[in-house]
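See structure below.
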């Protein structure tokens, strides 16, 4: 670089200040100095900028946002960030990515040239400070997609407004308002029509607000479920960040099962294969490498291998971005239970429509035959009655009939499901479970079998090497120095090169940081801290030729390396001890000698493995061989280097959770890749197996044994199996299929890519949030955020709570429907009028549908729910217990209201208006008291745990206050009159009798045979086969 001293400004500046120059000369000298300085600076820039973006420059010059300065102490990295404009055309790079233009990449200097232009150091990543990340986000955009705007409140108002019954009521309100004003004047004539308007408006607003709120809730949960974690390299450290925080220039680590978070280029890795079917539709897996195909695209998934990727496009600049931006995720997913309730709503609505039609016909006939009176006079006197009066009366009759339909249709049922699901999903998040599919909430309550993994679910997944055997000799921590240097060097190779983990050693020389899977971290920690491995040195001395990543089918991983010092090629295998042992013909001793693996030696080593496994240790073996060629990983004739035992303790509370599931009638089956001895030890520790079990031999099988059964044997033995060891994902899938064929509702936990088929096949797929791959999560219904089996038990409890809450509301609402329909129908037939006006019925509909749903759908789960047996696939949605409760309460309400209708005036010595108000008030208060009964369908104490549900208490209080306002202050609006204290006391007393009636009702025994099966053709929706609701599409 040109020396700055070459540009000497001192003489120039001195000449500018000399007194001999006149004013004009000084101005010319200043102009010359300015031009000269600019030329000098441009010359410097031309030399400095290429030096900074040259891909062949040193690490210091590649340090993107930092300036390398020379000082007396040598080159140092300045900590001050440097604003820069990328030395690359971003739009051109996006087009190159979209077209997979390899010559275009090469023209930019290859992947390394692109990295240099983006100021990325491939070995250190970008700088992780907020200023640097924000600058890159401003320059290249954020890793988010522009979604179509969510549905607003007006959309839901419009949806509610489109309801046919609402439209008919509005038409009736318009006619009623017009004729009322014409007949009685605007001061008195607007009340009836205006009241219907206000009531309809309230129904629309409340319905729209409820749906809008739930839409927002589901959108929020959807954003959370899309916020996956990505591992990146920043400031030389591997760290996990949100996918939304990935920026251009980031170095991203990819492994099997990961979803690629942005468009990028392959930096380094091995055996990388990508599934691009989500983007191209092609099912074939594509191999990605540095030379021929370095292109990696957002949204695609890694199916094999591992790699590091340089991010070059994010968000809307990615190939997938434009496609995703046009997709609006539908949060209005209909669950199977909602579909069943829609059918139930439709059927009850038809019954209500029939009753309303009969009421309409009867009232019209009675009116036009002169059998109705108003203020003691006949309403219709043929041609003497004004047309306006006739039309107004007909409109009033039609409005009453339509309102009966409104009350009869249990529109609150789907709302109750939505409220319950939204409430449960929100609460389950705090209980470490994220729901991805709504149907899983209700289905989980019916689970009869849970197939669970061991590692990380039943155990802590915090591995630590506690045993090490070299050949037939146990090596303790204090005796590792006795290991031969040659064997030690091979162990360094076997752990340091055959791994997907990494070791980060800071400049300060503090304790190294280990990253990777728990197993990899444990092995690296043991090799570095106990055996003294320098991982960076090991990597520099060897060249990795080929890698075979860990496979759950083979249960091992391998690497082919060339030692640079002597150019020899070595094969290293690592994996399940008995699998690796089967590949060995010799073994190393601590002195470095190699002994023959005869039958006696193999038996002794197998006994060592079984002994460690019986102590709940996970056994990993290392084997080595000098290879004859550099293209194939040989799998036989290896030499066993050593066996380590990793301790992974059970999670606290797992045994209690297992016991809870057993009491709930749910069978736990542990499916693991560990050997049978380790699996049994953990199963006993967790309580899955009991030492008193007589059928212990049938309870434990190996995967190969299970898959080799005949179909008949599998179906016969599958119920008895509690533990399946050395299993593959295909064995897990096979077990799930067998269990479902036997009628079980199956929940399955999984974390690997290969678990995806089993997760999809199961009725409920539960993926692990920490160790789970993105492929597994996408295949699942619920993500267990803490990977803890205790959270699985909590999900089971929530599932039962959802189903139970919906049944409570069905019982409550059908009671109101039956009572309202019968009382209006009988009164219309016999007296020619309906005791409850359109506005009053709309008010009942409002408190019943919305407030009732809120009160009953938000009950929290109790431990009592887990003392019941699971709900069967074919069990009726409306049980005999529910029929008993709702029929008794309905009959009581009908009896009370009919007595008030026909004898109320004489019993209480009141006029008709007071009697009608008593009927309306008593009917509403009956629903308030019956809400308490609905809290418990079988238990006699309906007040237990009431203090924990403040929302229920609040809604009851609000309902009572609003009812008082309706009766006492909105007389014109609600067509009521004021009641005195004695009359209020009578209404409360009559309504409160529903409590003792509900208490004694629960002593009435019920048959186990479904109630409607006694009829010749029971409606299928009530009997309700649950198979469609549980079977995956």
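Placed from the backbone N, Cα and C atoms, the Cβ positions cover glycine too.
Topological domains recorded in Swiss-Prot put residue 904 on the same membrane side as residue 975.
Looking up the ranges 837-857, 1005-1025 in Swiss-Prot, the one annotated as transmembrane segment turns out to be 837-857. For the binding-site residues 751, 755, the largest tally of other C-beta atoms within 10 A is found at 755. Residues 358-359, 362-363, 366-367, 371-372, 400, 404, 820, 844, 897-898, 901-902, 916, 919-920, 923 of the same chain, all 6+ positions outside the topological domain 'Lumenal' (826-836), place their C-beta atoms under 8 angstroms from a C-beta of that stretch. Secondary structure of the topological domain 'Cytoplasmic' (1003-1006) per DSSP, as helix, strand and coil residue counts: 0 helix, 0 strand, 4 coil. Helix first, then strand, then coil: DSSP counts for the topological domain 'Lumenal' (901-909) stand at 8 helix, 0 strand, 1 coil.
Across the residues of the topological domain 'Lumenal' (826-836), the predicted structure has a mean pLDDT of 77.
Helix first, then strand, then coil: DSSP counts for the topological domain 'Lumenal' (362-397) stand at 21 helix, 4 strand, 11 coil.
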